[in-house]
Amino acid sequence: MKALLDLFKQVQQEEVFDAIKIGLASPDKIRSWSFGEVKKPETINYRTFKPERDGLFCAKIFGPIKDYECLCGKYKRLKHRGVICEKCGVEVTLAKVRRERMGHIELASPVAHIWFLKSLPSRLGMVLDMTLRDIERVLYFEAYVVIEPGMTPLKARQIMTEEDYYNKVEEYGDEFRAEMGAEGVRELLRAINIDEQVETLRTELKNTGSEAKIKKYAKRLKVLEAFQRSGIKPEWMILEVLPVLPPELRPLVPLDGGRFATSDLNDLYRRVINRNNRLKRLLELKAPEIIVRNEKRMLQEAVDSLLDNGRRGKAMTGANKRPLKSLADMIKGKGGRFRQNLLGKRVDYSGRSVIVVGPTLKLHQCGLPKLMALELFKPFIFNKLEVMGVATTIKAAKKEVENQTAVVWDILEEVIREHPVMLNRAPTLHRLGIQAFEPVLIEGKAIQLHPLVCAAFNADFDGDQMAVHVPLSLEAQMEARTLMLASNNVLFPANGDPSIVPSQDIVLGLYYATREAVNGKGEGLSFTGVSEVIRAYENKEVELASRVNVRITEMVHNEDTSEGAPPFVPKISLYATTVGRAILSEILPHGLPFSVLNKPLKKKEISRLINTAFRKCGLRATVVFADQLMQSGFRLATRAGISICVDDMLVPPQKETIVGDAAKKVKEYDRQYMSGLVTAQERYNNVVDIWSATSEAVGKAMMEQLSTEPVTDRDGKETRQESFNSIYMMADSGARGSAVQIRQLAGMRGLMAKPDGSIIETPITANFREGLNVLQYFISTHGARKGLADTALKTANSGYLTRRLVDVTQDLVVVEDDCGTSNGVAMKALVEGGEVVEALRDRILGRVAVADVVNPETQETVYESGTLLDETAVEEIERLGIDEVRVRTPLTCETRYGLCAACYGRDLGRGSLVNVGEAVGVIAAQSIGEPGTQLTMRTFHIGGAASRAAVASSVEAKSNGIVRFTATMRYVTNAKGEQIVISRSGEAMITDDFGRERERHKVPYGATLLQLDGVTIKAGTQLATWDPLTRPIITEYGGTVKFENVEEGVTVAKQIDDVTGLSTLVVIDVKRRGSQASKSVRPQVKLLDANGDEVKIPGTEHAVQIGFQVGALITVKDGQQVQVGEVLARIPTEAQKTRDITGGLPRVAELFEARSPKDAGILAEVTGTTSFGKDTKGKQRLVITDLEGNQHEFLIAKEKQVLVHDAQVVNKGEMIVDGPADPHDILRLQGIEALSRYIVDEVQDVYRLQGVKINDKHIEVIVRQMLRRVQITDNGDTRFIPGEQVERSDMLDENDRMIAEDKRPASYDNVLLGITKASLSTDSFISAASFQETTRVLTEAAIMGKRDDLRGLKENVIVGRLIPAGTGLAFHKARKAKESSDRERFDQIAAEEAFDFGTPSAPAEEPQQHPAAE
């Protein structure tokens, strides 16, 4: 019977396609889609519920309501398939054709498509070269447009009001034609000759010089060329026929109580049909023009609402006063077609439940409740029951399963064996959020999860839920097992660290077991082996922490690598260790020495241990080891019985004295402030500093007391050992809590921040053990509340950032092994403030060297170019003291659509070179986005305690060596003989004997140098000191002070401190100055020599002038004698706000969005010499004269700080005016490498502040995508337009073609796009439309007649194909190869056949002409 039924099934052919094209539909095309015209607004008959004929649900047009049954019931059953009933006109076929058959409405008057009218920039306006307002006035019948001026002086496309029109008609009669409404616009569009227009525009573009015109012409040219290329006629933007959506896609559902629920589209269509029919009738009746015109306008508005309600005028509303949901609303936004249905589908064979911990599971297992498994694996069970003959039909099998008979449970066990399931925890922030496990059947209703995978899922057991998905096909099961099994994903793709690191109780247990105690029971005993130790421990002869000597057998790598030799050989050594460590040595994998365990295991150590195991012993051994570590950790933690009590929080006895001293200091500052020696701001800064330091000191005293305890050793001597205090052990091991939190429990809570980030100067001197008083508690609530509010707000921001990142990188896949480029970037250790923030080894690990790595001492090549630098290589490089290595980077990869494996380097989640097909773009986006949400959630952990680093006020050397100053360092010697720095960008370096840089420190303007160039110093020597709370203005010349424009009440204000009564002069902000004249002047100082002449800058005719910035406190008086290096004014630095990640997320977003910062610093456009020109009103003029003698001027606001002085040589791209850097300038002036370094370092700074590790290459991948487009500067012979932005790969392809044809290629500039803009300007319109601004993207694509080659992942998910990554990439490659080989074979056969029949091989279309026939 089944075979019989299959006979009648319609053959459904799966379409294989490689691209999707979008365009405008011509009226004929729309009619060809349609199955009939919808003439009536009726939907269904309210009594019979049958659709009305010719109405919106008409069965004749759209197909039958029931399968194989016509409406009147004359033809039923399959045998009449394809018959059209003569009575009701319905074709007998499947009812589901009502989902695909369209209808149409013939409009009585043409109507403009609102997308092409109102979606900015207006496409109609561009094609017609008219303004949007004018076109709108014509379309909505408020004005006439001239179509054919004839012999009159009128111009085509001229707009006239009705009055004008009647006057002109009286004047010229019917010599000209003007129209209103869409008919007029359609006529104009028809009249356009595109080819002619394109030619004229191209010539105009070449001849015009005005920027505005070039821009305008280029835009119009682009649109017209698009029409020309795609073969779309402009008049199709005006609709004559309106397609009607199939009825099943806009259903009408009867509710109980005789009411109906309907899709808004039906309402919108009804309005269109009603107005259209009324208009038809009015036209037949030859109604007065004004009535017809009104009806046409109403029709236009009805169609507008149907296509995009609310885009123009007020949105049409339904009965409930809500705007109706139009066709455009159906596809855009989070709930639209793209994001709701195409990118996010719900799937079958899935379930969800609460998770509980499963400590007995192996890493690759999960506990699945029996009832869930029964439901999830139903089809498999049915199949087995039939095969085994327990049930004969599916129905019988169903009954068996429902009754849950014994045989069903046996079958379930069998079905589940070796059939992995996938577990997912929302939010899935990176690829480890979904992993595959082998299910183990358990009782109860909760899923059991292995404790070690919790870190990857970010799961805890406080009520989290997880979803289970069953991979059905064999391929899916295979992929789940090989690629997604939890035991195959032990490294984080973000940084290559192990993800299966124990936490909390496991760490505590291992730490407790590996600690050592002085004079423990059985100390000093010797044992012949581990089994003896265990026996002694079980008989309570020794304690876990006792120091003992044990003979331990290690399995080490065999030196003998000949065939048949075992990989590991035993090695026996005697170790001084502790009982706990000896017991743990049992689980050590082969190939690891005991020394890795012979120390207290803290969380970091355990992570390092697992990492070492992975690198040395491979994946399998590591997974087994991690599992055993976990088992031991839990067991030992239970044995340890660590708990907390109030007495564990030891408050240091010195606390009172420390706090008392601080209070005295604060009082002293108050006194100084009262007597006017310091400003309010300085006092505040100092008070905050004192309390910060006090908080630190109390914390330190507390930690000292907590971390050690007095003991008596074996010889009866008093000594101190590391404490066994429970709280200390928890924090020290990294199990829970931190020093900061303990400080709040037992030290002092310290300073708190207000919600705006400023610090409250009264600290909380109490701690939680002593308890807070009401005021202290109240101050604390600020931080806690802010934390919660931040969390709520920022989770959304972080998710949005991830979404943008994924969107910009989703089409970046590794597609080949090596692109063969010789470009790369130079990597150095990252040094900040003299500290190595990131060592060179960490930056180059897993990269491919692009140049030979050479030993600096012997000049021999250590690693050839093209080597993948692994752990051994980077250790060797570090040992040799090489401080710079050039490596490949995704930025310079020359693969056209994607990346090559060599430029990407190691796949961090697998630990080997990346495979072809890896979706590295998405991995990069996830790696950057995932911690984003953690950053957001990490604000309130410290409970808002203001952790403010006391500001740096000096630099000291970290290593021995020789002091070297950079070329930019300049200093003068003052009257006291001190060296005062007067350069803005000077740096001091410490070099070793080989001249290799060991550290580098920025020395700020105004610092006092304590060591000079070339001095040999020891580590710890101070190099320079400065006042951290003010920025000085220093004179480089001596003389008598002469003020200019320093007028009280005009440019400066006398600030009399209301407390102290002392006065200082402060430069007033420009915005607050009264008169216009005073806004343009700048208070400054000139110096006079002994004769009263102005002091000149040596070698020039310019007088020395030193300007005061806004906010400067002037410390000298007019007529005062000053010496070289003396301070003229001080600028107080702002009170620092606490650094919270609040700055973090937005900072990352603004870097990736490539926003220009406000008040950006100015970079030198050229290399040359600086000089100052004549100042204008509010600006100073800086001139750079380049090497050819050309002058480049910069106008700089007076309050800005210029970093260069007269006659200084600057290099192109050097910062000349202080301020945050603009990434666009960096790209333009310093190039791609500098830009990438800037973005990578800035993003890393934010994450490093939070202690988050992300590999640089992820950020580089994103920067590559931001540089995806180029701007054409000279189009050569290509099809591009100058100034146009095009995809880099398109441009390279086009240039290759030009070179092949011996034509001129185009030249271009790099352009940096923000991630949102880059996503929207991608080649794939499907991907862009599903991201943001759907309407705009689709409008543009339709006009261009764009073709989407389905290169990215997103497009393929949307059209439902396998994604071109991983196994999907291989599938598509194989498919394409087969297609091309089939084509070749086909051509070959065709050629052979033609040859066999003896037909002439000439093409048949053109008959061969004999010369004689002419």
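Sequential numbering from 1, following the chain as shown.
Backbone N, Cα and C define each Cβ position, glycine as well.
If you check Swiss-Prot, you get these features:
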type	residues	note
BINDING	Cys70, Cys72, Cys85, Cys88	Zn(2+) 1 binding site
BINDING	Asp460, Asp462, Asp464	Mg(2+) binding site
BINDING	Cys819, Cys893, Cys900, Cys903	Zn(2+) 2 binding site
REGION	1391-1414	region 'Disordered'
COMPBIAS	1400-1414	compositional bias 'Low complexity'
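Sequence features annotated in Swiss-Prot and their locations in the structure.
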residue : record                : Cβ contacts under 8 Å, 6 or more apart
Cys70   : Zn(2+) 1 binding site : Ala59, Pro64, Lys76, Val83, Cys85, Lys87, Cys88, Val90, Glu91, Val92
Cys72   : Zn(2+) 1 binding site : Cys85, Lys87, Cys88, Val90
Asp460  : Mg(2+) binding site   : Cys454
Asp462  : Mg(2+) binding site   : none
Asp464  : Mg(2+) binding site   : Val354, Ile355, Arg425
Cys893  : Zn(2+) 2 binding site : Cys819, Thr821, Leu899, Cys900, Cys903, Tyr904, Arg1264
> Which one, from the binding-site residues Cys85, Cys88, Cys900, Cys903, has the smallest tally of other C-beta atoms lying within 10 Å of its C-beta?
Replying inline: Cys88
> Within 10 Å of the Cβ of Cys819 (Zn(2+) 2 binding site), how many other Cβ atoms are there?
Replying inline: 19
> If H, G and I count as helix, E and B as strand, and all else as coil, what does DSSP give for Cys900 (Zn(2+) 2 binding site)?
Replying inline: strand
> Quick one: which residues besides Asp460, Asp462, Asp464 have a Cβ within 8 Å of the Mg(2+) site's Cβ centroid, in sequence order?
Replying inline: Ile355, Ala459, Phe461, Gly463
> Taking the centroid of the Cβ atoms of Cys819, Cys893, Cys900, Cys903 (Zn(2+) 2 site), which other same-chain residues have Cβ within 8 Å of it?
Replying inline: Glu816, Asp818, Thr821, Arg888, Pro890, Thr892, Glu894, Thr895, Leu899, Ala901, Ala902, Tyr904
> Within 8 Å of the Cβ centroid of the Zn(2+) 1 site residues Cys70, Cys72, Cys85, Cys88, which other residues of the same chain have their Cβ?
Replying inline: Ala59, Leu71, Gly73, Lys74, Tyr75, Glu86, Lys87, Gly89, Val90
